[in-house]
Amino acid sequence: MAPTSVSNARIEKAVLDAHEKQKNKHGGKNADYIPILAQVPSTLFGVSVATVDGQVFTAGDAGYEFALESISKIFTLALVIEQRGPRELRLKVGADPTGEAFNSVLALELHNDKPMSPLVNAGAISTTSLVDAVGPEDRWRQIVGAQSDFAGRQISISEEINASEQATNFHNRAIAWLLRGSGYIYCDPMEACDIYTRQCSTLVTTADLAVMGATLANGGTNPITGKRVIARKNVPHVLAEMTMEGVYTRSGDWAYTVGLPAKSGVGGGLVAVAPGQLAIAAFSPPLDKVGNSVRAQAAVAQIADTLQLGLFNVPGEEDE
């Protein structure tokens, strides 16, 4: 288990400082195309960091449970890569950024009907269909089981959020049928869409999400439970996808300015991973125009900068 290169005192201070500085940051609005998400208090704001040696630091509303939403994609992706290997995932779904909005179907039309990325909705629905299962309930059991293994505790679904999403997910149903027509879905299309919607409706806290990210940072072993969740060799593939497409159409800018693999969700959550060191998670419902939490982005970026976590940082002194 690799130790962090940053002291616990510095991490704790960075978390508290980021929460204090960003808690009054304005801008953005709750996702309103999923009715129940529009009702979440917009002032909620939590920040957490989990290290690879099992330390967890929190500030603000870090115990509030929110919908995992699109962040769930990385854990289903990890499950499928673990079961089928990175090559099969790449062949059957793709491993490239689309350059389009997360719910766009343009990539399907422009790239021979292939989803391209497992972190946009089309690719995520396709990835869900690749879970090696004997039926829908087995598929669901494995997906929520993977989320629970990453978090180190039993994760559960919000039936209220799921019902709200199932009542409005017409676009995703259409995507599932497009995938069926092109041959890039691997179970019944409506089963895949239903399970995908369910996986987005599970509840986590920022403390949970930080541990989930720290499991990736720790090479696939949960730093709290000690359980190996995915093979170390499969972690880089997940982190690569997070770098390319994790914060929607802002992914390139995020890599340029923050330099950490990350994944956001329209529930207001965001997780970023510093391999071998720690993960940062933040939550606040108001989103920017592309679907990323305004406060969460600011807090994660501040912590990454304070602790000099960016993957592209070059050690050494500045030249005169």
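From the backbone N, Cα and C atoms, a Cβ is placed for every residue, glycine too.
Here Swiss-Prot flags SER70, ASN121, GLU165, ASN172, TYR196, TYR248, VAL266 as substrate binding site. For the recorded site, SER70 (substrate binding site), the DSSP three-state label reads helix.
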DSSP-derived class (H/G/I helix, E/B strand, else coil) of VAL266 (substrate binding site): coil
Greatest inter-residue Cα distance in Å for the substrate-binding set SER70, ASN121, GLU165, ASN172, TYR196, TYR248, VAL266: 20
Close in space, distant in sequence - GLU165 (substrate binding site), Cβ under 8 Å, 6 or more apart: ILE34, ILE36, THR197, CYS200, SER201
